[in-house]
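Undergrad: There's a structure below that I have some questions on.
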Amino acid sequence: MDTHDWRAQLLPQIRQRKVDEITDELKFYQSHGGELLEVQKIARCYEQKTYAGAASQEDYLQKISSMILSISEKYWRSSLQPVGRQRIIDKILLEKLRRHIPYSGQEGLDELRQIAARFEEKIYYSAASENDYNRGIFLKMPTVEKMGMDLQIQEDGL
């Protein structure tokens with residue numbers, strides 16, 4: 001069977017749908033509000049190269065899907081709003097720190113906020129995906145609690 005037979009069977013509407021999917025993904029993660037036509041041109045170019053180089057329809061669809069997935073994994077940080085990150089710092093990390101680490105006054109609270117922000121920032125920049133980021137935050141909670149217990153033990157021992 002000729003390897004080019006599959007191309008004749010692939011409807012133009014399917015190819016256009018794939019271009020649209022790539023375009024939508026690129027638009028979602030577009031950071032500087034570039035021209036829609038430029039984004040569409042990039043999507044169409046990628047689709048055409050993939051179409052020309054694919055060995056089968058399955059190969060074509062798999063490569064397009066992989067490309068869309070890699071876009072979302074690469075640019076996950078741009079979809080996480082600063083407000084969401086601040087909420088994580090304030091509501092999750094800071095509240096945990098306040099419950100487990102003794103502090104006094106506004107100065108102590110500001111110091112706890114800085115600790116929470118550093119925790120979040122380390123997790124944010126080391127995460128490979130949004131799921132990895134969320135998992136990192138979740139896994140950091142026992143560390144925060146242990147910090148508080150260790151400080152309490154030190155204070156009790158003094």
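Glycine is treated like the rest: Cβ placed from N, Cα and C.
Note that the structure is predicted; figures quoted are calculated from it, not measured.
In case it helps, TrEMBL gives these features for our protein:
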{"type": "DOMAIN", "residues": "3-74", "note": "domain 'Mediator complex subunit 15 KIX'"}
{"type": "DOMAIN", "residues": "75-146", "note": "domain 'Mediator complex subunit 15 KIX'"}
Undergrad: Within the domain 'Mediator complex subunit 15 KIX' (75-146), count helix residues (DSSP H, G, I), strand residues (E, B) and coil residues, in that order.
TA: 62 helix, 0 strand, 10 coil
Undergrad: Can you tell me how the residues of the domain 'Mediator complex subunit 15 KIX' (3-74) break down into helix, strand and coil by DSSP?
TA: 58 helix, 0 strand, 14 coil
